[in-house]
Amino acid sequence: MPKYRSATTTYGRNMAGARALWRATGMTDSDFGKPIIAVVNSFTQFVPGHVHLRDLGKLVAEQIEASGGVAKEFNTIAVDDGIAMGHGGMLYSLPSRELIADSVEYMVNAHCADAMVCISNCDKITPGMLMASLRLNIPVIFVSGGPMEAGKTKLSDKIIKLDLVDAMIQGADPKVSDDQSNQVERSACPTCGSCSGMFTANSMNCLTEALGLSQPGNGSLLATHADRKQLFLNAGKRIVELTKRYYEQNDESALPRNIASKAAFENAMTLDIAMGGSTNTVLHLLAAAQEAEIDFTMSDIDKLSRKVPQLCKVAPSTQKYHMEDVHRAGGVLGILGELDRAGLLNRNVKNVLGLTLPQTLEQYDITVTQDEAVKKMFRAGPAGIRTTQAFSQDCRWDSLDDDRAAGCIRSLEYAYSKDGGLAVLYGNFAENGCIVKTAGVDDSILKFTGPAKVYESQDEAVEAILGGKVVEGDVVVIRYEGPKGGPGMQEMLYPTSFLKSMGLGKACALITDGRFSGGTSGLSIGHVSPEAASGGTIALIEDGDTIAIDIPNRSIQLQLSEAEIAARREAQEARGDKAWTPKNRQRQVSFALRAYASLATSADKGAVRDKSKLGG
């Protein structure tokens, strides 16, 4: 039977010094011998998705203490991708994921904590904590801050829903007046919480449900709604039960690697494809799988993408539905219920509540449950009041959206598309694959061929787009923006948003070894692997080269002969130390980012560190 890890610091005369320090934190004799549970918070005033988390760690800690544990809280960093977007700050976003994972490992192992409750929310915080949880493999429950309410404003005598991306597009559109742009900006992000569409943060918080590491409702219940408080209270109680099950009953089913099994990863990716989630989730699931020592690769994602339909369509793919609408339609369990009925899920998985997938669906799928409390929870809706406070309102929809023919969530029979919302493409300059969010691609451009316009930085591409140098039919190629080449694999939300602003959203393609925001839509193909800085063929593309994209056939091709590609590769290698680097880019890269780049792998490996360079 495993011994409490914390006993290392609380048991025996030789640990008198450690106990003396524990006493200085408020512990007493009666606390020694209880499980010490880390409350891993990520409160910051920089990020709307985290601005309301300050008191929520205390809420969880109180429940841990009341349930027989000792709670000790610490904080991680949290980068707001939207605020870091479009300038040098975005270089730091993806690397912050590794810092978060490492900092959790450092704190938990340094102090020998027995278990964790992870209070996350936004883009890199949930993945970083997920990576740490699977690396450490001690009992854990995730409870996120919850989604932001959708913005609303009146334009042309019509009330429309808004989010961050609308503010960006309108702000860059020369046809939009200053007054209208300002109106949209002021209305787009009305409350605390993760941005209101199916962007990266909300996608990842939904996926923790599918992995089994968070409670039903975690991914969709609004940050402002009073019902969300119960998730935090339950997490504090439940983590003590999980911890005692493992340490006192030798029940390894309580460990995250046994909950988030390969079958659970496949379910999570199936959910992601069905709901048209962010392409960043591919990056993060691949990284998390490596921490869990699970053989889950781009090949697995490709296989799933070929058979899973799109059953949910949410902003940025449509402005009709946001996360508050997904919740009204049954949230993650609503989508999983339809996938289960279609025979597309692994049913032999459990979650942190100890329930199998069929048991969870029986209780929480709104189309079958008889539990009125569950139905009431899924009627939790927005209040439309600007606030930075969690649990500040208790408004409810008059009814649930259980229309699986024409509602937000569809059944297999009425799927938005028989093809899923994400696809993996392969070709002669993406030998290890690349990713496109098909949910955001107009049907008219699922096949697209055009001349390349090549840029060696996001900034250069933005200048060209706004300067009118990109025209209808072009394929914009942005390279040397991968994990190593950026470094940091910047998100390309500004280039894609500005293409829309210039009326080119359905007339151009954009390809990059960087990545895209969860807010991106259009023919935007990212994660090209291998990246340019790692010798990828994307580094050999020249202006005017023809690129052919065929999403239905999962193909992307540079239309050059093998001999010409080989000749260009030879010329690139002849540059010596300058080979596989941008020719003209001027970019200041800090020592910290250079250290990250020195170990970074390409996107097909999740952009994790290359363990072979560390003897791992």
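Glycine is treated like the rest: Cβ placed from N, Cα and C.
As annotated by Swiss-Prot, Mg(2+) binding site applies to D81, D123, K124, E491, with the evidence given as sequence analysis. Residues or ranges marked as [2Fe-2S] cluster binding site in Swiss-Prot: C122, C195. Annotation comment: Swiss-Prot describes K124 as N6-carboxylysine. Look at Swiss-Prot and you will find S517 tagged as active site, proton acceptor, backed by sequence analysis.
The number of other CB atoms found within 10 A of the CB of E491 (Mg(2+) binding site), across every protein chain shown, is 32. Listed recorded positions: C122, D123, K124, S517; maximum Cβ neighbour count within 10 Å falls on D123.
C195 ([2Fe-2S] cluster binding site) falls within neither a helix nor a strand when secondary structure is assigned with DSSP, and so counts as coil.
In three-state terms derived from DSSP, C122 ([2Fe-2S] cluster binding site) belongs to neither a helical nor a strand segment and is classed as coil. Within 8 A of the CB centroid of the Mg(2+) site residues D81, D123, K124, E491, the other residues of that chain are V79, A84, S93, L94, C122, T200, A201, N280, S517.
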